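J.: First, the structure itself, so that you have it in front of you.
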């Protein structure tokens, strides 16, 4: 996961450098930057109208180019980047914009009346009547309002005449829905068009007038002073200082989109001859877009990518005052970009890459959703309000820096050019694949060169080994050849619930279990494996774990450990705490057994590891420990013949035969028994 995160951060760095490279190319060819101001005098009449269209200002009563140019200047400074975006949007508007067709009352209620942060324009067509706006004019209207985030739809009363009679829609008309209050869960009011003219400009002017009425308008310096120093429930406010009759449509549309988060205020500066009062609060010029926060004021338009347009200001305000859904979408994009890196990091067959990719996508998205559930719960707690406010404060400090403006500009640039974004991601991924292949070539060349069929075969083998693992209740489990001899054996094994009720545990831990030689005082060491200084046998459990399922080989190893005589002692005693097998020895005396000649020999306990219970019998085979035999201890402290307990554990019974403590789990330390 950390490797994917590193490659993702490296990819973002590549995007940042690439965007600066494109800016340098544009500057070299044209000699201008995207943030460079444009003099409206140098623009044609058509381009000036395009700028006004994007800002949402009407120009129907302005036939002269001079009047149109002054209206552009009064609404805000014009930059090269905004001009480029406006011309690009005009070309994209030639494409067909979708409009919703409502099927009935419930459909209309869910999309229109239940929407708290959006604007709808719906054309109602009465039963057996013609629409109020012709099809051609309605298409123009849809394109015009869609660039401000206003959604459109058509409700035909022939599909639900009862609801039209209930609403009083007896003739064809236009309906606009706008949130009535400035709260995020306020009511939605429906406004019916009452104009006599049905041209596009008149309908748009009617819409912008109603939406602008939601914005608080200040027309005197005294009102501005009171509002500027007022402390209310809206800590973040967006001011527009302009000499206009009403704010632009994009500013009004943003006020609806950020309902309950940011308060939008329009300051009508017409007739304010003395600008000293504006300078007292930090406003140096008109028009100005000022963001007022508890940390201070920020003039929008001075940094990279801050254009006077809907999308640019929407990106800026989302970064300054985000909502939970914005953070979730951002985390979703980051997680999926990081997960797709697995397609290039994974080496080997193509099928393997896509299988790993699907698995990673499912895992990461599931973990993301599960992680967000407690976060949403914590955000509802009233005790975390101060933490939430401090987090937003730090975020506002970070988002008003020059670096944040570059990031927003790059986000806007790449989101408007998705093909460039995907091509750079693919190129970065191919580079990651190349370097990962070189790095892993020396480590695992077989895995890299494996084809699709070989990997699918290994995947099937792994799946069947996971599903059909040995069952603890079967003492004589079949060899691998039984699968080919008896095809019905798979169905017989599937009939046992033990297959999926018991987890599959790897047997690698057997190699780390304590193994040593059982010795008696006065006995010489002959044959067998070599010992170290503590009397431990070099042959650990891992060598015999591989052959634990073959009892014949284990018996041969047992004869070798016993010196080849095959004789077992005639009696035994065990010293242990609690329940166990064998007889308990007297306290304070050493345990002993009789060898084949009948002479008692004391057990050498000095070579036993700490924490192991003293005994002289294996409860698996119920035979005594012979002199110089190899024994193995489990974490619980019980000791057995090495080959006996290895066969027991390899059969899937990962617990002690005596106390049932898990053989792979460490038991709490206990004091070592006193040596006798």
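Including glycine, each Cβ sits where the backbone N, Cα and C put it.
Nobody curates TrEMBL annotations by hand; they come from automatic prediction.
It should be emphasised that the depicted structure is a prediction, and the values quoted were computed from it without experimental measurement.
Feature table excerpt (TrEMBL):
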type     : residues : note
TRANSMEM : 327-345  : transmembrane segment
TRANSMEM : 354-379  : transmembrane segment
REGION   : 526-599  : region 'Disordered'
COMPBIAS : 547-565  : compositional bias 'Basic and acidic residues'
DOMAIN   : 618-660  : domain 'RING-type'
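Set these features in their place in the structure for me.
T.: If one looks beyond the transmembrane segment (327-345) by at least 6 residues along the same chain, the residues whose Cβ comes under 8 Å of a Cβ in the stretch are 1, 3-5, 7-8, 11, 353-354, 356-357, 360-361, 364-365, 368, 372, 425, 429-430, 432-433, 436.
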J.: When you scan the chain for residues with a C-beta under 8 Å from the transmembrane segment (354-379), skipping those not six or more beyond its ends, what do you find?
T.: 324, 328, 331-332, 335-336, 338-340, 342-343, 346, 388, 459
J.: Just give the helix, strand and coil counts over the domain 'RING-type' (618-660), going by DSSP.
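T.: Each residue of the domain 'RING-type' (618-660) counted once, the result is 9 helix, 12 strand, 22 coil.
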J.: Give the mean pLDDT for the domain 'RING-type' (618-660) on the 0 to 100 scale.
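T.: Residues in the domain 'RING-type' (618-660) carry a mean pLDDT of 88 in this prediction.
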